[in-house]
């Protein structure tokens, strides 16, 4: 029987997409698909092969998403019903598309079909100028592909890079790198926000109490303390708290014996020396002067730390590499370098880096012939 002379329905010439395939299409391709499918339905109806309006056409006319489940697709239902009367049976009882590896390869065909928007209009529009209605079958996804980059079923082929990988790649391309620590950021605003960690800038101030914060999210979290209900009240001073454990922590101020109280702000101290050091904050007095540069300091400890700048003393020495530091903070940061794994290793000289920005900057020295 000549297949070209069979009565053709819209179901024979329609294209059906699954949810995953529909998500791969561009908006322009979706609009093209809608126009082509509605034109094909009009052509079928105009030639007298009219049938009840398909659900796919109704969805397209109402601008709804036309994807269907796999069990609703014609090729799936054809397998469930068996071959049509008079159709040729395959010599191989097991279809190759039923193999798991073949089903895996079909994902490549779907992606290629989604990228070729013109294939909709070229392969699936019905031509009725000569009065004949050809059977325009959609491109079969179970047709044997020519080549695939992956041959192993367990391989994670075609995996799109994750959000973190794309962000790092974009940071390297745009060179949003912190000059202090070498960390790479995805945009200029993130770089500016990150640099406040090094500068100590706190640009967000609470209008209620004046407390400053480095991040806007911390300010918003803090402002809830002013608006939320505070049912736990201190019997000694009347200060209220939103949490019971905060009240218990506050009560220690009243129970601990602090005989030395500041006359300016009321803050109490256990030792008189601590009170005298605190009062310098109110008076602004700096009694300790550097003999080399004349700079004044509030405490003797701060003066001794400053004098290391002139003497060159570096009392903090790393036991791993022997590097010395003047300040304990810099020494503690350096020790983390030995404890933290260095993820980025240079293939030319073997030098390791913790941050992608420093690693990228180092590789440029090899390209420019500086190393």
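Note that Cβ sites are derived from N, Cα and C of the backbone, with glycine treated the same way.
Marked as domain 'KRAB' by Swiss-Prot: 8-79. The compositional bias 'Basic and acidic residues' annotation in Swiss-Prot covers 89-98, 113-128. Per Swiss-Prot, compositional bias 'Basic residues' is recorded for 102-112. The SUMO2 cross-link annotation in Swiss-Prot covers 144 and rests on a large-scale study or a structure entry. According to Swiss-Prot, the feature zinc finger maps to 176-198, 204-226, 232-254, 260-282, 288-310, 316-338, 344-366, an assignment based on sequence analysis.
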Which bits of the chain, at least 6 residues beyond where the zinc finger (260-282) starts or stops, bring a Cβ under 8 A of a Cβ in it?
253, 298-299
Non-local residues, at least 6 beyond the ends, that sit with Cβ under 8 Å of the zinc finger (204-226)
193, 196-197, 242
